[in-house]
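The annotation transmembrane segment is assigned in TrEMBL to 6-25, 37-56, 68-91, 103-124, 136-156, 168-198, 218-241, 262-284, 290-316, 328-347, 359-382. According to TrEMBL, the feature domain 'Cation/H+ exchanger transmembrane' maps to 8-382. Look at TrEMBL and you will find 504-531 tagged as coiled coil. Residues annotated as region 'Disordered' in TrEMBL: 585-689.
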Amino acid sequence: IPSVSSIVPESCLLIVVGLLVGGLIKGVGEKPPILKSDIFFLFLLPPIILDAGYFLPLRPFTENLGTILIFAVVGTLWNAFFLGGLMYAVCQLGGPGLNHIGLLANLLFGSIISAVDPVAVLAVFEEIHINELLHILVFGESLLNDAVTVVLYHLFEEFANFEQVTILDIILGFLSFFVVSLGGVLVGVIYGVIAAFTSRFTSHIRVIEPLFVFLYSYMAYLSAELFHLSGIMALIAAGVVMRPYVEANISHKSHTTIKYFLKMWSSVSETLIFIFLGVSTVAGHHYWNWTFVISTLFFCLIARVLGVLVLTWFINKFRIVKLTPKDQFIIAYGGLRGAIAFSLGYLLDYKHFDMRDMFLTAIITVIFFTVFVQGMTIRPLVDLLAVKKKQETKRSINEEIHTQFLDHLLTGIEDICGHYGHHHWKDKLNRFNKKYVKKCLIAGERSKEPQLIAFYHKMEMKQAIELVESGGIGKIPSAVSTVSIQNINPQTLPLERVLPALSKDKEEEIRKILRTNLQKTRQRLRSYNRHTLVADPYEEAWNQMLLRRQKARQLEQKMNNYLTVPAHRVDSPTMSRARIGSDPLAYEPKEDSENLPIITIDPASPQSPESVDLMSEEPKGCSGLPPSPEEDEEGLVMRVKEPSSPGTDDVFTPGTSDSPSNQRMLRCLSDPGPRPEPEEGEPFIPKGQ
């Protein structure tokens, strides 16, 4: 019935079903079953926690770990002591029925009822699709506060048996919190590494691959509980550690099996927990005390709101993305209680706690209020406050590239600033993982595979599977690699993927090039401002050069009028050098050639058209003197131009060849025109030439 499920959360409906079933069993004269703590903690809770830990969104979780820990540790301690202290005051003032309840019993009750329940939070928050930040804050708090709850519960239970509690006992109790939480994490990490290492050798027995994941996770939980450590922390640590390595080793079918089996198993456990809560409510022994129950409910809400407001005010001083008042309201309103509190209350011993029935009644009342009232009204409130919802977007290669680039950039910025933030340590951890851990825990060539390539293959495989499931196998593009298809049509894998590797010499050469080029710092350009324009010192010289070139062009045009045919262009320095190289004997220097016209070539700057210069501008015949027979035999001689002095500028210093007569002489030598007839008079260049 969609209209009902859109208003009432699934957890509320399941509790109602449990109440009806329990009432029906009791109506026919049978005794309804009660949710025993052993069944809850050993069989029903682990699948839900493993599902949450294995598929935990690691990036938002680690980025907000500090905030989550403050809410989980400080917030839970505040709730427990605030609620326990106030309930002790209520018991002292509440009349004859409550006077006998001591401080330790009230603190124990406060520690049971103060913890946010992960099962209830998951059931409600997954339905309202809240944004990722708020979801991970509330859900992360519900997961990590287990260590505080376990420590406080066992601590106050033990203290209740003591005749006198000393300062040493309190200090040891405080230290036990670190032992329980860190010990649970250590147990989980050990079993996670063992599971990843085992999955390296399961390529020939794909059928039982999922079994190792469930087996080692459950062993981590049991080992932690055996030593009174935090089983929930152990399960989360095991799931987070094993997942990246296990998924790299196992087949795609095994991955699908793990995913759907965990989802199904956690859903079944969640359903049974809420139904049993309803049945146990009908079947259990209750002792109703209006003062105690109403005070518990009221102080629970007050403690939660005050704790969130004070802690958020403190946290926002250090956060870049601040928690807004809307976020604070959702965090405070999302502090749901559930079956963990009920099971811990059910574990209490009648010998030491004769008020157990009253505690259980108050616990069930708080659970029902948070699940029904807060769970049903949180969705309309989210819509009313226009809180940002979760956006379902598929990750792309582009997003992955930019994410990795920004991580790398932020790590570099932190290193330059000398501030070792979480990006620095994350980069160190990734390097250690890539260098050592992956080689030990991942089989074959995938241990050397870059993260981006692995992500691409994962996306490719997912796309291919979706195409096959939708019946579009014919539409698979030819670009899809065999990696995507190998699990659809199993085939033998290549022995090893060839990865390009640079040799040491090549790597050193690249580094040397980068080092020499990156050290040349660029000159900083000034920003343009019309009020602060500075005269360019080179501007005048450029203008002079342009005027000189303009005059040279005008002289060229005048010289063309004197020639019978259009003048050819002067050979470029490159062509001149080519001619000298092709026939060096024709241009070899002869003896007694001091008075000959000399064409000089400046080999240093072949790009410049001014590199060909005339040092001796008076050619034979053009000077008006008759040529001698020796000169007639020798011809033209090429000489190398003398290098300019260090202080002169070849561009801006006018040379001897820039005068009009030199330009005219250059034109005469470059193209004398056709040889005239004898009757036309005196030729332009004498016959002796």
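Every residue, even glycine, has its Cβ placed from backbone N, Cα and C.
The recorded stretches the transmembrane segment (136-156) and the transmembrane segment (218-241) share 3+ CB pairs below 8 A when only pairs 6 or more apart in sequence are counted, and are therefore in contact. Using the rule of three or more Cβ pairs under 8 Å, pairs at least 6 apart in sequence, the transmembrane segment (68-91) is in contact with the transmembrane segment (103-124). Contact between the transmembrane segment (262-284) and the transmembrane segment (168-198) is not supported, since fewer than 3 Cβ pairs fall under 8 Å when only residues 6 or more apart in sequence are counted. Residues 41-42, 45-46, 49-50, 52-56, 58, 118, 143-144, 146-147, 150, 154, 179-181, 183-193, 195-196 of the same chain lie 6+ residues outside the transmembrane segment (218-241) yet bring a C-beta within less than 8 angstroms of a C-beta in it.
Of the candidate ranges 103-124, 168-198, 328-347, 359-382, 359-382 has the most C-beta pairs within less than 8 angstroms of the transmembrane segment (6-25). Sequence-distant contacts of the transmembrane segment (359-382) (same chain, six or more residues past either end, CB-CB distance under 8 Å): 7-9, 11-12, 15, 109, 112-113, 120, 123-124, 127-128, 130, 277, 281, 284-289, 292-293, 296-297, 300, 329-330, 333-339, 341-342, 345-346, 348, 353, 389. Note: the stretches the transmembrane segment (328-347) and the transmembrane segment (168-198) are not in contact (fewer than 3 CB pairs below 8 A, sequence gap of 6 or more). If you look at the transmembrane segment (37-56), the same-chain residues 6 or more away from its ends with a CB under 8 A from one of its CBs are 118-119, 122, 139, 143, 213-214, 217-218, 221-222, 225, 231-232, 235-240, 242-243, 258-259, 262-263, 265-266, 268-270, 272-273, 276, 339-340, 343-344, 346-347. Long-range Cβ contacts of the transmembrane segment (290-316) within its own chain (Cβ-Cβ under 8 Å, at least 6 residues beyond either end) map to 66-67, 70-71, 74-75, 78-79, 82-83, 86-87, 90-91, 94-95, 98, 109, 113-114, 322-323, 327-328, 331-332, 335, 337, 358, 361-362, 365-366, 369.
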